Structures are given as C-alpha cells and as structure tokens.
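Submitted below is the structure of interest, expressed as structure tokens.
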Amino acid sequence: MTDGPRQRGNSAPAPAGDSASDTGKNSGSSGVALKKEIGLVSACGIIVGNIIGSGIFVSPKGVLENASSVGLALIVWIVTGIITAIGALCYAELGVTIPKSGGDYAYVKDIFGGLAGFLRLWIAVLVIYPTNQAVIALTFSNYVLQPLFPTCFPPENGLRLLAAVCLLLLTWVNCSSVRWATRVQDVFTAGKLLALALIIIMGFVQICKGEYYWLEPAHAFEPFQDYDVGLIALAFLQGSFAYGGWNFLNYVTEELVDPYKNLPRAIFISIPLVTFVYVFANIAYVTAMSPQELLASNAVAVTFGEKLLGVMAWIMPISVAFSTFGGVNGSLFTSSRLFFAGAREGHLPRLLAMIHVKRCTPIPALLFTCLSTLLMLCTSDMYTLINYVGFINYLFYGVTVAGQIVLRIKQPDLHRPIKISLVWPVIYLLFWAFLLIFSLYSEPVVCGIGLAIMLTGVPVYFLGVYWDNKPQCFNTFVDKMTYVGQKFCVVVYPAENEGGDAGSEEEEKDGVKEEESGALKSAEC
C-alpha cells in the first residue's frame, strides 16, 4: 500500500559522495539496527508504567464527581477498563499484522495513506507528547519539592528547573542503552504497583474492620448530586482518559523479543492488571474517606496515607514521585520511537531516523523529544493545549480501530498471526462514537480548536513531504545539517529488517534495492 508518490522526507537525495548519503548506503552492511531487547516483563512495564501515572494517586475524583455516586463510579472504572481491553485487542491484531514501530501512526499511514498518517504524527510532535511529558515532569518536581516548602507552594522556577533536570537525566539514560531504559521502567513500575498494592491491602483491612459503609448497595448508589446523562457520559470520558497509554507498546514493536507472542501477551496481562488496580484502589479510598472528603482532597493518596498510615504517611508522596518519574521515562522511550518511525517514512527530517553506531539507540529522536518538551516547560499554556488536543488523540484511536475493519475488507487474505472477531472493533467503535459525539456536543469550541491545530499539518505535508522538486539550495542545506547532526550524534541509518519492515515487497521480489537518503523505504502492505 503506497502513499501516492514515494516519500522522500524533507529533501531530495544527497549528491553522490555526500557523507550523509554514503552513510545511508553503507548502513545495511554495518549491521547497525535497533536491538530486540524488550522482553515480556519489560513490555508489561511499558504498558502499565505509561497508563498508571500520577492520576490514580492524586486525582481519581474526576470519575466520581461526574458519576454522582460511588457505585456508578466503580461501574464506570470497570466498563472503561473492558473497553480499553477491547481496543488493545484490536491493536494486538494490527501490531502483529503490520509489525512496525510507530503504533497507530504506522497503521493509519499504511491503511489510509500518507496524509492521514502525517496528521497523526503532526499532532503528536507538535503538542501531545511534549505537553504530556512536561506535565508529568512538573508533577514529579512538585512532589519532590513539596516537603521542603510545607507551608507554601514550591517556587515556579524551581519546579520547572527540577522538571528539566528529570528530563535531561532520563534522556541521557535512554540515549545510553535500551536495556538501561527498560530497567528504569521496570523498577519504577514495580515501585508504583507496590504502593498501590499497599493502598489496596489497607482497603481490605478497613473492610475487615467493618469500614464499608459506602460499599453497601444501599449507600453505594446513593447520589450526592442528581444523576445527569451528560455528567455520566463525562465520567466515561474521564475514565477512558485515565487508561491513556495502553497503546504505547505498539510504538516499539521492532524492539520486542518475539513480538508475535509478547505483544499480545503483554497486552492481555497489563490491561486486566491496571483495571484491577484502578477499581480496587478506588474501593480502598472510599473505605477511609467519604465521597465528599475524596472530592475535596487535592491529593487523594496522600490524604488516605495520613488517615491510615500514621508515621509512614510519607510513603504516598514518594510513591507519586516514583510513579511520575517512571511515567516520564516511559513516555520518552515510546515517543522517541514514534518520531523515529515518522522520520524513517519520510515524514520528519531524516536525521531522526538514525541510530547510534554502538549503542543502537535513536539518539537524534530522543534529543528532539527532550528539546520539544523543554520548550513546553517554558510556556504557561501547556494545560490549555492538552485540553485542545485530547479530543484529537482520542479521535485517532477510533480511526485506527476502523482501519482494522478496512484492512480486513481490502486484504482479507493478508497473514494475521492474531485474528479476532470483527464484533470487538464494532463494539469499541460504538463506544468511541458515543464519547466523540458527546465531546463535540459538550465542548464544540475546544474540539474545533483541536481540529484546527491538527489541520495546520495539511500544508506542511504538501510542502514538506508531497512536494518532490524542492529548490536545490534547500536540499543542500538540509543535507549539510543532516551531516553535521550525524557527526555530532555518531549515528547512521539502521540496517534493513529481514522481515520486510523497510522496503516494498515488490522491490524485494525483483531484487531491487533502491537507496534513498531522504528516509528508509516505506513498508507497504
């Protein structure tokens, strides 16, 4: 499946003899490629670590506030967990059918064409990942500095400086070694799960003591405000956002050990685990706090710890810091692979598709991710931007799952190591459409601005990607900048994968190995 004209990135091929071009030609023989170092445990760590951020510790009250009762809030957590599992099931089929890094970007591009894929990449590069990483890093710095300022808020500049240090440290770790990055993810994911296990155990202890007033059916569904269909829909939307990150493992498919087995296994283990943790953590909270106390708290886990843990209450703020530190690491790791995949397809500057000659890590993509996040730390409008593009992010989940159905119709005989019933994507799309329509109805201005931000990528696509005959001076400038970047980062183009991940099937059958300096060849269905 092609995009129309072959994508050549942001410049034409470099002149013969140009160092950047020569490096690209020789990369195949160098054997430099992304290493398959992510096993099943690390794969689960990536999913769980990216889903469970600070939200379950700090503010799980969004669902409760809109559900209007404890019982309905718990139902919302369970239903959204099931819907997330269905969406992940659809992504599992796509991930082993199109075994390329890049996740939904790669799937949308291969199924719907270059422009649709580029718009998914554009909104991710421009807003989604830089803002999310900046917010998580700021949450980390806030919980680290808060004990030093017990009677007031930490200074804003101090928060941003520590957040920047966190980002720089984790970028260095990710640049140094994939194994180091996955070990950091494993350790900090284990830390947050242990903290949540402590909360859940304390909840069971409370139940054994008879503290389950708000769990009894007569009281669980007793509304503290009138039920409202619009608010209940908003509760489902909040619940769906809380599970965000469930698709991140698909961004690193090419680095998975035995992806045909470990990708679906990791999804099947992680999503039920997260659903269990979310539901029982919320049950634990209401054994120690009334709904009114929970809604009034700015840090629910901290309040819970102060009530039940006594002198050990310091565990909760430390757990939030651990959780957010691991969240920053997981987001850096996966988002850099998305940018790497986009550059390899010619949708971002070709330098971002290169990896270090010895460490085999995508250093330019990681540095780009870090720099864009640091720039977001310097702005005061990041929270507003997140509100604008959250709708777009959710929009592409549905587009990707719809692509699964389209691919089944267009290529019914395509080899699918996992093939699920089409009932599942239909169920997911019905739920997705309900939430999408409600979002448009309740916040048309916010959704409209998000769509406008996304559509700014259309002229960028036609000028930067689709337009082949760019001025020679522009091509020369880009080639020189690419060469300088290669020398600075000590990176080359990765070797082509044996599985056909790079290069079209027809060219491989004909024995043709066309080399392009703009990007690695696009994978075609």
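Note: Cβ is positioned from N, Cα and C throughout, glycine not excepted.
Computed from a predicted structure; not experimentally measured.
Pasting the relevant annotations from TrEMBL:
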type	residues	note
COMPBIAS	11-22	compositional bias 'Low complexity'
COMPBIAS	510-525	compositional bias 'Basic and acidic residues'
REGION	1-28	region 'Disordered'
REGION	497-525	region 'Disordered'
TRANSMEM	38-58	transmembrane segment
TRANSMEM	70-92	transmembrane segment
TRANSMEM	119-141	transmembrane segment
TRANSMEM	161-181	transmembrane segment
TRANSMEM	193-215	transmembrane segment
TRANSMEM	227-246	transmembrane segment
TRANSMEM	267-288	transmembrane segment
TRANSMEM	308-328	transmembrane segment
TRANSMEM	363-385	transmembrane segment
TRANSMEM	391-409	transmembrane segment
TRANSMEM	421-442	transmembrane segment
TRANSMEM	448-467	transmembrane segment
Sequence gap of 6 or more, Cβ distance under 8 Å, 3 or more pairs: do the transmembrane segment (119-141) and the transmembrane segment (161-181) meet that?
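They do touch: at least three Cβ pairs between the two stretches lie under 8 Å.
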Compare 38-58, 70-92, 267-288, 363-385, 421-442 by their Cβ pairs under 8 Å to the transmembrane segment (161-181) and return the stretch that comes out on top.
363-385
Find the member of 193-215, 227-246, 363-385, 391-409, 421-442 that has more C-beta pairs under 8 Å to the transmembrane segment (38-58) than any other listed stretch.
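Stretch with maximum Cβ contacts: 227-246.
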How about the transmembrane segment (421-442) and the transmembrane segment (267-288): do they have 3 or more C-beta pairs under 8 A, pairs 6 or more apart in sequence?
no
What residues in the same chain, six or more past the boundaries of the transmembrane segment (227-246), come closer than 8 Å to it by Cβ-Cβ distance?
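Beyond its ends, the transmembrane segment (227-246) has Cβ neighbours at 47, 50-51, 53, 55-56, 60, 62-69, 72-73, 76-77, 79-81, 83-84, 87-88, 91, 267, 270-271, 274, 278, 330, 390, 393-394, 434-435, 438-439, 442.
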For the transmembrane segment (391-409), could you work out the same-chain residues 6 or more beyond its ends whose Cβ comes under 8 Å from its Cβ atoms?
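That would be 87, 90-91, 93-94, 97, 104, 107-108, 111-112, 116, 120, 123, 128, 240-241, 244, 247, 422, 425-426, 428-429, 432-433, 435-436, 439, 443, 446-447, 450-451, 453-454, 525.
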Residues sitting near the transmembrane segment (308-328): Cβ under 8 Å, six or more positions beyond its termini, same chain?
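Result: 49-50, 52-54, 57-58, 133, 136-137, 139-140, 143-144, 146-147, 166-167, 170, 184-185, 187-189, 191-192, 195-196, 198, 202, 206, 288, 299, 301-302.
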Other than its close neighbours in sequence, what residues sit by the transmembrane segment (267-288), given a CB gap under 8 Å and a spacing of at least six beyond its ends?
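Non-local partners: 40, 44, 47-48, 51-52, 56, 60, 63-64, 70, 73-74, 77-78, 81-82, 84-85, 88-89, 91-92, 193, 196, 199-200, 202-204, 206-207, 211-212, 214-215, 242-243, 246, 249, 294, 300, 304, 307-308.
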